């Protein structure tokens with residue numbers, strides 16, 4: 001009777017999923033063997049996804065072939081309940097383990113290339129963007145560029161635009177002082193009479209600059225009268241449009257990049273020579289536009305140089321030596337007249 005009970009226990013273990021005793025333990029059973037068989041069965045089920053359990057139960061552990069991992073071996077499935085012969089139908093669908101480190105998902109294949117590169121966050125789009133400072137933008141286009149565009153355009157003669165100056169120019173002290181001095185000098189040369197109206201701004205500095213310009217400019221006109229006449233005939237100035245076209249000549253004077261007070265005073269002196277011509281042909285109304293053209297090109301294109309030279313104060317200081325020589329000449333002439341030296345000394349100091 002004891003043998004019958006033992007056989008019943010063995011059959012019960014086989015039915016409930018226990019280890020095969022005939023092959024694995026040589027016909028003997030113990031609590032340690034059952035635990036070992038149960039652990040081996042659970043390991044086999046986990047590695048095989050629950051589908052290899054029947055093969056292990058039906059045969060011996062040594063006779064079963066080695067388990068081959070399927071391509072989806074990384075899929076995790078719940079182990080089957082004890083006594084179940086197949087996988088648990090109540091288990092959730094297996095999920096694929098994501099072993100990649102957490103990072104931003106890469107774009108799909110069809111978006112690789114320029115489309116994928118275009119995907120940017122708002123922070124990336126604004127990174128490195130710096131608005132252009134307003135103070136660095138020029139208030140007006142340099143006059144030299146305007147002259148170049150006008151001269152290269154179809155049907156244009158290189159004349160300056162007749163638009164009024166902006167507010168920045170009206171408040172420009174260097175431009176205002178230059179226009180006042182040049183305009184006064186050209187009018188006085190054309191009419192041959194002194195203007196009694198006082199100069200604005202810094203009256204002492206402007207008056208000194210005007211006196212220096214009159215002295216030096218008159219000498220330039222006397223020394224280069226023949227050259228000025230040839231230039232005037234070539235330009236054939238008759239009206240205001242011709243006066244504005246002088247800007248091309250003025251720009252050409254400084255085209256080689258050399259700037260000095262000698263060139264500047266020669267330019268203004270030629271303007272005074274043209275002003276006399278305009279007076280002779282009853283075109284006095286063109287004298288003011290002529291002064292504006294000279295001032296525009298001079299101040300707009302040579303502003304940095306003029307500022308470094310201290311403007312009209314530097315102009316007066318530069319020709320101060322010439323003024324000293326003029327004073328010495330006057331003293332010598334007076335002495336020669338008193339002493340009766342004669343015309344020989346006057347010729348030498350001329």
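Glycine is treated like the rest: Cβ placed from N, Cα and C.
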>> Labelled transmembrane segment by Swiss-Prot, one stretch among 304-326, 327-349. Can you tell me which?
In response: 327-349
> According to Swiss-Prot, which of these ranges is motif 'BH1': 231-251, 252-272?
Replying inline: 252-272
>> For the feature motif 'BH3' as recorded in Swiss-Prot, pick the matching range from 209-223, 284-298.
In response: 209-223
> Which residues of the same chain, at least 6 past either end of the motif 'BH2' (304-319), have a Cβ under 8 Å from a Cβ in it?
Replying inline: 174, 177-178, 181, 205-206, 208-209, 212-213, 215-216, 259, 261, 264-265, 298
> Cβ under 8 Å to the motif 'BH1' (252-272), counting only same-chain residues 6 or more beyond its ends: which ones?
Replying inline: 182, 185-186, 189-190, 213, 216-217, 220-221, 224, 228, 231, 246, 290-291, 294, 298, 301-302, 305, 309, 314-315, 318-319
